[in-house]
């Protein structure tokens, strides 16, 4: 965040502290696989994928037939999304949203680059676009007609629980812990990961967690054109619908990077923007001088606020990651302390009494009172819900605030998912790939995204 100055315009540079808001300005890293690699058989279904907590076993690549049959209708995994020329449905919807956008906020333009370089960007200190990366703005001006971002839990002494960057192939230990404690969370899924690791995505949904969008390729959204912003969100929604059968109505911008232009496109897709109030920096351990002890201290800082009166009127929404084995393990270590310090730990839909979390009206998220009574699963219902159930009815004083699979790998150092991906053992990973529809054998073509720092 850049301090306010008297200047009307501010030139942003990549080296400024501003570039390190939220996720430290880190970039998605890529590596070469050094040649083709063949898969053999491993997990066969969701249940078998959920058994092992050995990272090498969990992250063995597999082919999931429903994904291989539809992969050609999606953007290339881990590349910037765009609308294919033959997707007339997407083109028509984008045209409608874009027309509204250009009418309401024509002067809100892209900032910087998709990797977070703002060198030479001129932006007014008055923050006309409510640009979170500039000043952590979460409440657009009234004339935009945009809703405020969700950034706190409105109920007192309540931890809003969510995990970014999933599904991760090595998440079984974390999900086992959540299951054993009847604990639900909001999972912010990357579209490329959903198609890479569909069985892992299915576990999250089937065990009653809320699923939200975290874009297709995890880039700084305010740097992207209107069409690319739309495609990054739209095709992630579509991937989640294709694999899980539900259409999310919530999203979190990578790095927190959002402004009114991006918000308006998201709202055109019925997506509510969710940010956070507290950052554990779990993603940063081992980089930029950040130690594992620093991450533990960050967790402890949030826990300490529960004891000093900070959360008597509301609670935090905390940034955690399903990114690496470490980010998941440190949460597991701190979970008993979190439970002891806070009265409640809930997913975001529950915190805001959003009982219809998806476009599909027969799926219900328990409201706050129901959840704390012990009924925690997001589940199907035979009773149809109308759109009014998505209204925020939180009671805290903070409420006004804001099918089978085949696979394996000869080499345990390589992991990947159903779309033909490979990456590091504990990675939220993906790659460009293709599958032989006759033999079910995948051939890595390259472009791997390893277990890298995503927010």
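Placement of Cβ uses the backbone N, Cα and C atoms for every residue, glycine included.
Now, the feature entries from Swiss-Prot:
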CARBOHYD  86  N-linked glycosylation site
CARBOHYD  98  N-linked glycosylation site
CARBOHYD  122  N-linked glycosylation site
CARBOHYD  142  N-linked glycosylation site
DOMAIN    157-347  domain 'NodB homology'
ACT_SITE  164  active site, proton acceptor
BINDING   164, 255  acetate binding site
BINDING   165, 214, 218  Co(2+) binding site
CARBOHYD  168  N-linked glycosylation site
CARBOHYD  270  N-linked glycosylation site
CARBOHYD  308  N-linked glycosylation site
ACT_SITE  321  active site, proton donor
CARBOHYD  325  N-linked glycosylation site
CARBOHYD  353  N-linked glycosylation site
CARBOHYD  362  N-linked glycosylation site
CARBOHYD  377  N-linked glycosylation site
REGION    381-423  region 'Disordered'
CARBOHYD  426  N-linked glycosylation site
LIPID     429  GPI-anchor amidated serine
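Feature map: Swiss-Prot annotations on the structure.
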{"residue": "86", "record": "N-linked glycosylation site", "contacts (Cβ under 8 Å, 6+ apart)": "none"}
{"residue": "98", "record": "N-linked glycosylation site", "contacts (Cβ under 8 Å, 6+ apart)": "226, 227, 230"}
{"residue": "142", "record": "N-linked glycosylation site", "contacts (Cβ under 8 Å, 6+ apart)": "none"}
{"residue": "270", "record": "N-linked glycosylation site", "contacts (Cβ under 8 Å, 6+ apart)": "249, 359"}
{"residue": "308", "record": "N-linked glycosylation site", "contacts (Cβ under 8 Å, 6+ apart)": "none"}
Task: Sorry to bug you, but what's the C-alpha spacing from residue 165 (Co(2+) binding site) to residue 255 (acetate binding site), rounded to the closest Å?
output: 11
Query: In angstrom units, rounded to an integer, how far apart are the Cα atoms of the residue listed as 'active site, proton acceptor' and residue 377 (N-linked glycosylation site)?
result: 20
Message: Rounded to a whole angstrom, what is the C-alpha distance between residue 325 (N-linked glycosylation site) and residue 353 (N-linked glycosylation site)?
response: 31
- prompt: Taking each of 165, 321, 353, 362 in turn, which of these recorded positions have a Cα lying within 10 angstroms of the Cα of residue 122 (N-linked glycosylation site)?
  reply: none
- prompt: Could you state the CA-to-CA distance between residue 362 (N-linked glycosylation site) and residue 353 (N-linked glycosylation site) to the nearest Å?
  reply: 16
Residue among recorded positions 255, 325 with least C-beta crowding, 10 angstrom cut-off: 325
Query: Taking all residues of the domain 'NodB homology' (157-347) together, what is their mean pLDDT?
result: 98
Query: For residue 165 (Co(2+) binding site), what is the tally of other C-beta atoms lying within 10 angstroms of its C-beta?
result: 28
Message: By a 10 A CB contact count over all chains shown, which of the glycosylation sites listed here is most packed: 122, 168, 353, 362, 377?
response: 168
- prompt: Can you tell me how far the Cα of residue 353 (N-linked glycosylation site) sits from the Cα of residue 214 (Co(2+) binding site), in Å?
  reply: 21
- prompt: If you count Cβ atoms within 10 Å of the Cβ of the residue listed as 'active site, proton donor', leaving out that atom itself, what do you get?
  reply: 26
